[in-house]
Amino acid sequence: MAISCLCLSTANLTVNPINKHHIQSPLNSTLKSLSKSGKLDEALTLLLQPHLSKTHNLDSYATFLHTCISRKSIHHGRTLYLHLLESKDAENLLKNPILKSKFITLFSACGRLDEANRAFRHGIEDMGYVPESVFVAMVIGFSKNGKFREALLVYCDMLSLGVETGNFAFSVALKACSSVLNLRIGKAVHAQILKNGEEPDQVVYNALLKLYTECGSFEDVAKVFDVMPERNIATWNSLLSCFVKKDKVFESLETFRKMQRGKLGFSWVSLTTILAACARLTALYIGKEVHGQIVKSTECPDILVQNSLLDMYAKCGMTEYCREVFKGMKSKDITSWNTMINCYAINGFMEEAMETFEEMIKAGYKADEVTFISLLSGCSHTGMVSEGQTLFNKMRSVFRINPNLEHYACLVDLLGRTGRVEDALEVVKKMPMKPSGSIWGSLLNSCRLHGYVLLAEAIAKKLFEIEPTNPGNYVMLSNIYANAGMWDEVKLIRELMEKRGIKKQAGCSWLQIKDRIHNFVAGGGFEFRNSNEYRRVWDELSKEMERLGYKPDTGDVLHDIDEAMKVEWVCGHSERLATVFALIHTGYGLPIRITKNLRVCGDCHTWMKYVSEVSRRKIIVRDTNRFHHFEKGKCSCNDFW
């Protein structure tokens, strides 16, 4: 009531400018206080009083709208906007750049892009010069709602009107270009930055780095990075993250090396990012170095770093190290437990995986979808059919988790691998959702394992419709035909791939020796294969392996050629080249760790077992499915993969 009386009395007073200023101050102070404390209803009531529009200063409206934005209160903001739109005395406020930007931000933050655009366009022709901030508000509004092309159109409008652009506009335009991978427009913005008199700030440089990394223009990444006047930890982390996201693992490792050489230090974000790269590349020794830096740090690593460390050791096949880190964690979350379970599962230690699962439940953690994907996949790769089916049934009945497509894919794979292809088909028919490409692909693989040619043809037909450009499906059907001696059909598949422009993915393997990652491609490495060292080691291995009973199995060679040529073909597989290279360049007794981008073929699997026995070396191979630990002529998968 007191406020109302004050408002009525001030409305009827005729005072000089100095007295008027003093009278307005308490009212505006009250408005700002109400807005800041979140009492938007009361503040709006004051703002809407018809006789008081002229008495409110710009700060009052701006403060009110700022609170609306932070609380995403579309109702209060829209009510004020309509009031100003209908008020002849206050309509010009909608042309004020500060308030216009606030209304645009509010409407776009609430997902009302049409209203934001109307607020942006309203009266813009009558404003004369429109500052950069108004255009940028609309660009950000479109960008945050995923409308990146529209955002760039607004930016172009700004340029066509001759608005002077600065770092603020450059940064948001570059972010929009990154999101739509538009390198051409991004380079045009970069050219504007170079022509502009204002020195680019850190945000602009980081936006340029992201643009060129997302678009795969890594030469430009290096150029921008080299000319940056300041490169703080955040900048380096941004570069690291971009490389890892784009699967440029080698570049990310080299960037981390540069950080170390430059004595910049690191943040936990740096280590989390580089550990992800080490996990992807199986770069165990670099991962161990990072672990050493964590141990030496005076600060306690956060749980994200520790989980990344677990994941790195798991994906390098180091189950013992993974378990030690896990035991030493003072606090764990569900990700920690899932990573430990997955570590055992992908390395073939399903008994330990199940024990860890039981430990997790007893410790009071609730299993989630990821938990069961790891367990079901592990059961599939170890032939534990009954255990896998029990887990699948318990998901809904005990843990209240509805199986998703990935869980059904694991169940189908579990049944199909063990020869129960008809049961797997029944699961597919009764699924509550449409089967995905991965489920049909799993069935096709089961047909390959057990020689179901007619069924494979029907499944492949579905896959060619769902995933017409996936080379794996064509290769698998070709493999099935080759195993059945149906070479005319193999030829037809090859011709179909050529017609559709589909190329088989080349087999590639890599391993780390000291601080270098060495790559090997199937059928390549001619210089190495013709070297005296290679021939000496290869001949010694072959002679001893033949003595122990090894005979090449050329069943996976998908070409109708003579047997001698088939033997020569499999001898050039990338994992064999990597193994011989490691035998030459690493010390006796040291484990050999190899990563491959495809599934290990049957003969290479047998060959590795013999090599482990002859060389008395442990060989760990990580393919797309799982880990194979070869030792003393045996594999951890028990030949079931």
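All residue numbers here begin at 1 and follow the chain in the order shown.
Any Cβ shown, glycine's included, is placed from N, Cα and C.
Predicted automatically and left uncurated, TrEMBL annotations should be read as such.
The repeat 'PPR' annotation in TrEMBL covers 131-165, 201-235, 333-367, 368-398, 404-434. If you look up TrEMBL, you'll see 549-641 marked as domain 'DYW'.
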Among the ranges 131-165, 201-235, 333-367, 368-398, the one whose Cβ pairs under 8 Å to the repeat 'PPR' (404-434) are most numerous: 368-398
For the repeat 'PPR' (368-398), the number of residues DSSP places in helix, strand and coil: 27 helix, 0 strand, 4 coil
Helix, strand and coil totals (DSSP H, G, I; E, B; other) for the repeat 'PPR' (131-165): 26 helix, 0 strand, 9 coil
Intrachain residues whose Cβ lies under 8 Å of the repeat 'PPR' (131-165), provided they are six or more past its termini: 97-98, 100-101, 104-105, 107-109, 111, 113, 116-117, 120, 124, 172-173, 175-177, 179-180, 182, 185, 192, 196
Mean of the pLDDT scores, which run from 0 to 100, over the repeat 'PPR' (333-367): 96
